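For reference, TrEMBL has these:
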DOMAIN    B:24-119  domain 'Nucleoside transporter/FeoB GTPase Gate'
TRANSMEM  B:25-48  transmembrane segment
TRANSMEM  B:68-87  transmembrane segment
TRANSMEM  B:94-115  transmembrane segment
TRANSMEM  B:127-149  transmembrane segment
């Protein structure tokens with residue numbers, strides 16, 4: 001059996017940075033379990049410690065399926081799994097509202113107030129409503145508005161200041177944010193209102209800054 | 001165009017929710033729970049709590065809450081996960097979580113959105129520091145507002 005020349009050249013060309021060996025040693029330590037019974041900071045190098053534990057049904061009246069007293073990756077997994085129904089329900093409803101023209105209605109109501117609110121023309125309404133659903137789609141539409149000269153460079157910057165803080169607001173609030181809804185001490189609409197107020201406030205700070213310090217584009 | 005029933009539309013949306021949940025929320029939350037576990041066993045969480053205690057107290061929060069904001073800056077899901085982990089670990093109360101939620105969203109995922117939003121829309125880079133600053137300021141003010149309503 002002759003050795004495959006290709007194979008041997010791969011082995012010779014294999015360059016490993018020094019931290020590659022450190023990483024390998026750390027990985028072996030992490031999965032070996034040698035620090036399994038240790039307390040203190042070295043416990044962070046034990047797979048099982050970081051993997052954690054599922055909670056248990058200590059108190060059937062209070063415990064959800066995730067149980068109580070879980071920790072680490074396992075607790076996080078069950079916790080996240082518990083969020084998914086809320087996200088599916090929320091995005092399902094948003095999709096239906098969009099289908100029924102609810103978002104178009106929002107755009108129509110928004111168009112006449114965009115100039116006083118953010119100093120941008122009403123034509124940006126669709127991009128604004130879109131940006132609340134998807135950061136990427138909003139960014140793409142904003143670029144288009146600028147390229148077709150519907151908005152000026154300053155208006156674009158102000159508009160991006162609005163979008164940049166709490167990007168994809170509605171989708172992110174109803175998906176990621178939904179994880180925290182069960183713990184809120186206020187109705188879930190209230191934090192969302194605060195988010196919107198601050199988004200508009202922040203964009204207007206940018207608007208003032210540009211008015212004062214930026215030369216016309 | 002094909003006509004879809006409302007049920008089909010809902011199911012499409014719910015499927016999007018499943019995909020977001022499985023490919024984005026679950027890995028981020030799991031990462032956050034593992035990270036907090038590392039911070040806990042190393043004792044770093046206690047140290048962070050002490051160092052940032054005075055600053056976070058302004059917002060009615062314990063010092064450990066700073067990890068929520070740090071996590072949020074990288075990804076919203078990360079920040080949410082850290083908050084959830086600290087809540088289940090009884091370090092944050094329901095009131096603390098309520099104060100933090102708008103801030104997590106307002107200053108969330110800025111590193112990602114720098115490319116995905118500012119880059120895509122072609123915002124001039126000289127305005128980047130101002131835009132980052134505005135988002136952090138928005139989060140700070142939101143925490144002060146939430147402190148009084150939570």
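Yeah, the Cβs are placed from backbone N, Cα and C, and that goes for glycine too.
In the domain 'Nucleoside transporter/FeoB GTPase Gate' (B:24-119), the DSSP tally of helix, strand and coil residues is 81 helix, 0 strand, 15 coil. Outside the transmembrane segment (B:68-87), and at least 6 residues removed from its termini, the chain residues within Cβ reach (under 8 Å) are 24-25, 28-33, 35-37, 93-94, 96-97, 100-101, 103-105, 107-112, 139. Remote same-chain residues near the transmembrane segment (B:25-48) are listed as 63-64, 66-67, 71, 75, 77-82, 84-86, 89, 91 (criterion: CB distance under 8 Å, separation of at least six residues from the stretch ends).
Over the domain 'Nucleoside transporter/FeoB GTPase Gate' (B:24-119) the predicted model carries a mean pLDDT of 92.
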